[in-house]
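Data block below; observations after.
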């Protein structure tokens, strides 16, 4: 029997299968192989005498460590437009982590009622130009909710962003609606409102939302210096046009990315963030 881990706590894993949610423990072989089951894992299980056992963990498409979730395909990167104002450095860190983990990012700008149409257009243009879709939402009033739901189907979606951006309000909107339809599921895995200590998948519209304690680190300096440039989608058209193979768009001459920045084709602030991050990586690793 196959299923997906929707919650794990105290050595027990709750697997959603076609026959319902089954409580399982993991075979000891995983511990010996230093492979621990994660929320989001697709698994093969066996049930004997009413007890479930995880027999196999399928290959993962992605693996987040903090929070610990496997097979995430999409991120709603939630920032408030105002109160607090957008921290572009922090937004760039979230987007870099998404790119590194091959997770499709959608930027969700909350509290859209606090800014003018002109301000919204400027933000949309800025974020579209670096390769990301933007949705304007009002989490408290439910505005933009349907547009988010459309993007959940067939995805495992994580909510991320700074404190105060509206993630909890948005998540509770999904939980409240789903709880009315699937209250028995909530009771089975012991979900209440709403202090998250462990990552958990919530079944929403033929997809899953990750209820998570949050990203406990936004350090991006673990990324290899030669890989960082691939975390910036707007560089893609220029990476192979530089004079030197393997150009990192730093101090190398005749660099197509630097020329694109000078010509206004690549956002200067994004490039400056890239250079700052690259220097952090070089200084930390001493190479």
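Yeah, the Cβs are placed from backbone N, Cα and C, and that goes for glycine too.
The GTP binding site feature in Swiss-Prot is assigned to 110, 111, 112, 113, 161, 162, 163, 164, 165, 166, 167, 168, 169. Annotated Zn(2+) binding site per Swiss-Prot: 242, 247, 249, 255, in sequence order. Feature annotation from Swiss-Prot assigns domain 'CP-type G' to 61-218; the stated evidence is sequence analysis.
In this structure the C-alpha atoms belonging to residue 169 (GTP binding site) and residue 249 (Zn(2+) binding site) are separated by 40 Å. Put simply, 161 is the one of the binding-site residues 112, 161, 163, 165, 167 whose Cα lies nearest to the Cα of residue 255 (Zn(2+) binding site). The closest partner of residue 112 (GTP binding site) among the binding-site residues, by CA position, is 249; the full candidate set was 242, 247, 249. Mapped onto three states, the DSSP output places residue 112 (GTP binding site) in helix. The highest number of surrounding Cβ atoms within 10 Å, among the binding-site residues 165, 242, 247, 255, is found at 165. If you take the C-beta of residue 249 (Zn(2+) binding site) and look for same-chain residues 6 or more apart in sequence within under 8 angstroms, you find 229, 235, 242, 255, 257, 258, 271, 274. Here the domain 'CP-type G' (61-218) has a mean pLDDT of 84 out of 100. Most other Cβ atoms within 10 A: among the binding-site residues 110, 163, that distinction falls to 110. Cβ neighbour count for residue 161 (GTP binding site): 23 (other Cβ atoms within 10 Å of its Cβ, all protein chains included). Summarising the environment of residue 112 (GTP binding site), the number of other Cβ atoms within 10 Å of its Cβ, over all protein chains shown, is 22.
Residues 110, 111, 112, 113, 161, 162, 163, 164, 165, 166, 167, 168, 169 are the ones the record ties to GTP, and the longest Cα gap between any two of them is 19 Å. Those same-chain residues not listed among 242, 247, 249, 255 yet with C-beta within 8 angstroms of the centroid of the Zn(2+) site C-beta atoms are 238, 239, 243, 244, 248, 250, 252, 254, 256, 257, 258. It is 169, among the binding-site residues 167, 169, whose Cβ has the fewest other Cβ atoms within 10 Å in the structure shown.
Put simply, residue 161 (GTP binding site) is 31 Å from residue 247 (Zn(2+) binding site) when counted between their Cα atoms.
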